[in-house]
Amino acid sequence: MDNDILKRLDPEVFEAIANETKRQTETLELIASENFTSKAVMEACGSVMTNKYAEGYPGKRYYGGCEFVDVAENLARDRAKKLFGCEYVNVQPHSGSSANMAVLFAVLKPGDAIMGLDLSHGGHLTHGSKVNFSGQFFDAHSYGVDKETGIIDMNKVEEMARRVKPKLIITGASAYSQGFDFKAFREVADKVGALLMADIAHPAGLVAAGLSANPMPHCHFVTTTTHKTLRGPRGGMIMMGKDFENPLGLTINTKNGSRVKMMSEVIDAEVMPGIQGGPLMHIIAGKAVAFGEALQPEFKAYAQQIKDNAAAMAAKFLAAGYHIVSGGTKNHLMLLDLRNKNVNGKVAENLLHEAGITVNKNMVPFDDKSPFVTSGIRIGTPAMTTRGMKVAEAEKIVEFIDRVISAANDANVADVCKAVRAEVRELCLGFPLNNYGSLV
């Protein structure tokens with residue numbers, strides 16, 4: 001990446017970017033929601049597309065001069081449709097949260113009941129948390145995992161649905177290492193007259209590669225981020241396997257009289273002008289590039305390696321006496337419950353940071369500690385896999401983590417972290433990130 005102009009004109013920002021580049025280059029990124037985009041994606045995101053306002057949709061813009069950004073957005077939409085096997089897609093949401101907000105506001109009224117996975121059991125803020133719009137505008141009810149197995153009990157989900165009669169049921173998670181049975185959720189939704197939304201922000205890349213269940217045949221709406229396992233720029237997206245008439249009875253007047261609006265029309269209007277104005281066309285261009293990359297055969301091999309690395313790490317952790325919520329992983333992440341290691345999530349995160357390993361503290365189901373302390377850490381493999389690391393490296397990384405956590409309460413913990421950091425740096429330099437040119 002050529003940053004000579006930035007270095008000369010704004011050395012302070014340049015220095016921040018240079019230091020972040022060094023951090024990414026020399027340390028291990030194990031946060032499950034993070035990844036490294038390709039140089040092509042970054043070039044698109046840093047292109048002249050950032051200069052263009054394009055309120056509206058391709059062919060129906062409020063501004064002139066949109067003929068080329070229309071090309072980029074249509075490429076993104078067409079590639080996403082091919083990637084996920086869907087009939088409708090909106091690539092304009094700025095984030096996964098705004099994608100979720102658009103769907104909820106499109107199909108619900110304030111006070112309507114919704115159901116989603118409890119945040120402390122692995123869910124997401126936008127699935128009904130009381131500190132989020134989803135729990136403030138709507139009557140949110142949270143289902144959870146079984147205390148013994150750490151897995152969602154569909155019988156309890158159905159019991160809750162029959163009791164609260166939600167208008168919308170949300171599947172998906174930010175810290176759940178098992179899959180979702182979309183068919184079973186749809187059966188529950190149909191029994192209570194609810195719509196069903198799948199938030200696949202975390203496993204989207206695995207879904208695209210055919211290595212995780214595709215929700216399109218069963219869910220009315222599918223939302224996702226475009227980074228994480230999909231390895232694109234930070235952003236959001238809304239999809240539907242099949243378009244359908246909106247169930248709210250919303251109509252539109254045409255030359256031939258009024259008709260019921262299609263759900264795609266309702267969602268498009270909710271994204272813009274409902275909650276957003278101008279889309280970020282440089283990011284949409286980056287999304288198009290990332291979707292094109294994900295359509296290549298190499299991406300499926302990458303996604304498989306993500307799963308292989310995660311499975312190897314989980315097995316190694318279990319062999320070392322760690323407790324993994326739900327007993328293992330079927331995707332790209334795992335949630336370690338550290339209570340049997342006499343260390344909390346905050347301490348573990350900080351010590352691992354000193355050792356050059358980035359993870360995030362995370363609540364575990366039925367946690368007795370606050371979200372600022374937590375009893376666990378979340379670990380994911382997308383970023384390390386992008387570097388080219390495989391099972392052997394995954395197992396070595398578990399050894400690094402175990403050395404640090406095992407020494408957490410020892411007087412020499414600082415020395416252990418320093419020694420591990422040197423080994424982590426050596427490992428990372430053996431799997432370089434080639435996207436950043438000569439910035440450092």
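Cβ from N, Cα, C; glycine included.
Lifted from Swiss-Prot, the feature list:
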- L119, G123, H124, L125, S370, P371, F372: (6S)-5,6,7,8-tetrahydrofolate binding site (BINDING)
- K228: N6-(pyridoxal phosphate)lysine (MOD_RES)
- H227: site 'Plays an important role in substrate specificity' (SITE)
Please report the three-state DSSP label of L119 ((6S)-5,6,7,8-tetrahydrofolate binding site).
helix
Out of G123, P371, which of these binding-site residues shows the lowest number of other CB atoms within 10 Å of its CB?
P371
Tell me, how many other CB atoms lie within 10 A of the CB of F372 ((6S)-5,6,7,8-tetrahydrofolate binding site), whichever protein chain they belong to?
9
Checking the contact step here: among the binding-site residues L119, H124, S370, P371, F372, which have a Cα within 10 Å of the Cα of H227 (site 'Plays an important role in substrate specificity')?
none
Minimum Cβ neighbour count within 10 Å among the recorded positions H124, H227, K228: which residue?
H124
How far is it from S370 ((6S)-5,6,7,8-tetrahydrofolate binding site) to K228 (N6-(pyridoxal phosphate)lysine), counting Cα to Cα, in Å?
26
Just to verify: the residue among L119, L125 with the fewest other Cβ atoms within 10 Å, which of the binding-site residues is it?
L125
At a 10 Å cut-off from the C-beta of S370 ((6S)-5,6,7,8-tetrahydrofolate binding site), count the other C-beta atoms across all protein chains.
10
Would you mind pulling the longest C-alpha to C-alpha span across L119, G123, H124, L125, S370, P371, F372, which the record has binding (6S)-5,6,7,8-tetrahydrofolate, in angstrom?
17
Between K228 (N6-(pyridoxal phosphate)lysine) and L119 ((6S)-5,6,7,8-tetrahydrofolate binding site), the C-alpha gap once rounded to whole angstrom:
19
